[in-house]
Amino acid sequence: MSASDDAIGETQAQAASHASAPANADDDAQSGNAQPRGSEIALVDDDRNILTTVSIALQAEGFVTRLYSDGETALKALVDNPPDLGVFDIKMPKMDGMELLRRVREHSALPVIFLTSKDDEGDEEAGLELGADDYISKPFSQRLLIARIRAILRRAEPARAGASESGEARPTHPIIERGRLFMDPARHHVTWDDRPVSLTVTEFLILEALAARPGVIKSRNQLMDAAYPDDVFVDDRTVDSHIKRMRRKFRSVDPDFGAIETLYGAGYSFNDV
């Protein structure tokens with residue numbers, strides 16, 4: 001298969017997407033369900049049927065799609081010209097989704113949803129620990145995938161742009177300073193002892209919910225609501241995996257980091273002295 005075959009119909013998919021806006025775009029905007037216009041989604045999967053059907057569904061909702069049939073082909077394009085979000089299959093030839101995410105993470109905090117095997121729960125946890133924002137098990141509902149994509153894009157929007165198309169300032173969450181922690185939601189910027197810590201969108205929102213009220217125990221359900229505010233179901237393991245990876249990132253700059261505390265049976269809290 002040639003490189004041009006691997007990047008399946010990228011130009012045609014983008015053109016079709018730009019040419020046709022969703023019929024219900026105004027209704028979506030009024031209900032708060034609209035993603036930023038023209039949001040670009042990279043789909044990476046060796047199953048051409050999935051690429052085609054998901055791309056058609058996304059274009060019908062106003063997204064622009066870029067299609068790749070393996071991680072190796074996708075990598076350079078995603079690094080050179082990052083989309084707004086990536087949907088990666090885990091099991092692919094040449095370069096699997098896990099390795100693709102590792103390599104992409106060396107260059108950006110691109111939001112990523114993994115497509116995983118229904119029978120392999122280990123893939124789900126491993127993907128989250130690598131820094132994926134979410135996962136969906138195959139076979140999946142296209143409506144569910146689109147809902148997850150929209151939710152992540154809305155959560156990422158404050159970091160993607162500081163002003164609306166009209167030039168007006170976007171509402172942002174306030175800067176948080178808690179001891180050695182500094183968080184700037186408008187820039188998606190986090191430091192610990194003035195050293196930068198790179199977090200995914202989901203990790204950032206979980207930490208923001210904890211640090212906004214230091215010492216207060218937040219249940220897993222409360223943290224899921226903060227990170228997934230659109231009634232998208234996620235289980236307890238998802239939050240635990242994000243917390244585990246977040247701690248690892250902070251310990252890479254401070255081996256004694258212990259500000260995120262586990263209250264067994266209750267949840268988590270942020271305490272920094």
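Just so you know, glycine gets a Cβ as well, placed from its N, Cα and C.
Cross-referencing 1-41, 165-205 with TrEMBL places the feature region 'Disordered' at 1-41. Taken through DSSP, the domain 'Response regulatory' (40-153) splits into 54 helix, 26 strand, 34 coil. The DSSP breakdown of the domain 'OmpR/PhoB-type' (173-272) into helical (H, G, I), extended (E, B) and coil residues amounts to 37 helix, 22 strand, 41 coil. A mean pLDDT of 88 is what the model gives for the domain 'Response regulatory' (40-153). Counting every protein chain shown, the Cβ of ASP89 (4-aspartylphosphate) has 23 other Cβ atoms within 10 Å.
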